[in-house]
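A.B. asks: Here you go, one structure.
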Amino acid sequence: MKILIVEDEKALQQSMMQYLNTAGFQCESADNFRRALRLLDEADYDAIVLDIMLPDGDGLSLLKILKEDKKQEGVIVVSARGDVDDRILGLKLGADDYLSKPFHMAELAARLHAIIRRKQFQGMNELKAGEICVNLERREVYVNDQPVNLTRKEYDLLLFFLANKNRVISRQALAEHLCQDHQEWFDDFDLVYAHVKNLKKKLADRGCTDCIKSVYGIGYRFIC
Amino acid sequence: MHLLTRSTRTYVIYASIMMLVAIPLCYLLIHYLFIQDADEWLLHEKNLVVQQIQQHQFDFSASHAPSWQTNVMIKPIQHPQEIRSDQFYTEYVRNPLNHEQIPYRVLSSVIPSNGNYYQVFIRISLIDSEDLIQSLVLTIAVLWALLFIGWIMLSRIQSRRLWQPFYLALKQLKQFQLNQQHALQLPEQEPIQEFRELNQTLNQLTTHIVTTYQHEKEFTENMAHEMQTPLSIIQSQIDCLLQDKYLKAAHAEQLQYIHQAVRRLSRISKSLLLLTRIEHRQFEEIADIDFSELIQKNLLLIEPLIEARGLRLHYQVHACPVVRMHPFLADVLISNLLSNAVRHNIENGDIEIELMSDRLCIRNTGIAQPLEEDVFNRYRTRSHPEQGNGLGLSIVREICRTSGMQIHYQYTAPWHVFELHFQPVRIEDRITSPMLQE
């Protein structure tokens, strides 16, 4: 999976590259509008991470150009302006998703996976990890071919883990993923414990080996 | 007290005192003039009588038994102790017909004639003049009163016209709202200098306030936005560091602390930004929000937490009200209230949610004492700063304020009660919004 990262902050760009590369993506990066255009001309990408505030041009105009050229890349807009209006504008212009800074690398990886899955839906409607199999179309989960009845939140959580296999995921990242816009819950790790506990229990009930390991003091790691 | 009332009051007091003093004075003066007049007439009559007596033309037979046959009474007297000069006095005589006291002005005089002395009384009735004085004074009083009333009314009308620019400025000042971001635009061409200056000053002052407010708003927004990029750099570096397999547990723990601090910083700035934006009424869009649906959606998220903390949730829906407001704000409002009820609860406590047609009542158990006075205040001191950033309830209040709702807090042991009053939208008036469908 090829990703283009358009971000002018060097440090942020590098850590995104580092995280995504080890998470199974192939990343290239551009730190300005012109370079991004050139790279997009030269190669095809599965997805683009686009900062809308660039030194030599608005990321949103890059988005417009992409959409006019009928490019198939999925686009995640990244912005320091977490306004609702900005988000709506980005989505209106054809972005597939929106992330406001600061975001977790695990969240970015999960969103990229989701976008790429949506873009190339055919042949990708099943996710497998060890004994776990997820039918993305029907939103059903099987362990050793036995269905597991998950709530929507537990299902989301499982997909999040699957997108960040073998990575250490912090509790904050999980909390924010679970609560989305409800930031008053972000500090509440009990909420994360409760949801993860339920998920683990339901998987274990179907005889799944314990693949969600807690990492002391930090969070969890999905092992497979 | 109104300005006009105040200025008129002085006049009214002055006029009343004047009336009280002037009308008796007027009466006394006219009365005095009439008496003078009567006395002059009596002297004139006396002279006639004296003339008649001295020329022996006076017919004494008619006054042998001295009485008031006419208005003249003559009594012969033997030995006058002293010949007194003319004496004037007023006496009242009862009218036998209608028992009225009739005032008379009487002149008593002793007249010598051929060695005899005669006591002469001449009188004149004052009844007509009394009546006249009374009518006169009454007329004057009425005229005076009319004059005063007219004067006061005229001055009121004129004052009102004169103060018109002042009242206009006052009215506009009352309607002045910072978040509308319009300075006052009072006419600066007033003919009266003071009002011209007042308007100019007010215009300048409000322009200054609006600009300052605007700057403050921009500062908050820029601050909140500019902070996010450096924070996201720290954040992403931590995320990468956490993946390092050589990372020691102790270091991981320290990283966690940094991580949490970064998130908190980010959230505080976002919350402040949200507050500022709500205060500036930047959430214009409205939609009809089904509160029962919204609560259900939020409960879905926190149910495992309620379970994990052993809280008992009683959710009663008596009605399904629909409220017109910004969808995002509605979400923030409900989730803040629910979060508050869960977060400040005790182990194995209770939460009661009651949704009625025009209000939402959320009760939770918690510390066994009421929360401090101004629970919705932004910068109240908090006993547990780790539980949220303390802005949640201020955001709730701000949302209520801009969305036309009321929120009340009270403590009735063991319940901390938050009651949200809203104006439900009638079924026939409902609209649907694209945001909702999304």
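Backbone N, Cα and C atoms are what each Cβ position is placed from, and that goes for glycine too.
Reproduced below are the annotations present in TrEMBL:
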DOMAIN    A:2-116  domain 'Response regulatory'
MOD_RES   A:D51  4-aspartylphosphate
DNA_BIND  A:124-224  DNA-binding region
DOMAIN    A:124-224  domain 'OmpR/PhoB-type'
A.B. asks: Any same-chain residues 6+ apart from A:D51 (4-aspartylphosphate) with CB under 8 Å of its CB? Would you list them in sequence order, or say none?
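C.D. replies: A:D51 (4-aspartylphosphate) has long-range Cβ partners A:V6, A:E7, A:D8, A:E9, A:G59, A:V78, A:S79.
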A.B. asks: Limited to the DNA-binding region (A:124-224), I'd like the whole-number average of pLDDT.
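C.D. replies: So the average pLDDT across the DNA-binding region (A:124-224) works out to 85.
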A.B. asks: How many of the residues that make up the domain 'OmpR/PhoB-type' (A:124-224) does DSSP mark as helix, as strand and as coil?
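C.D. replies: Across the domain 'OmpR/PhoB-type' (A:124-224), the residues distribute as 41 helix, 27 strand, 33 coil.
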A.B. asks: With DSSP helix as H/G/I and strand as E/B, how many residues of the domain 'Response regulatory' (A:2-116) fall in helix, strand and coil?
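C.D. replies: Once the DSSP states are binned, the domain 'Response regulatory' (A:2-116) shows 54 helix, 29 strand, 32 coil.
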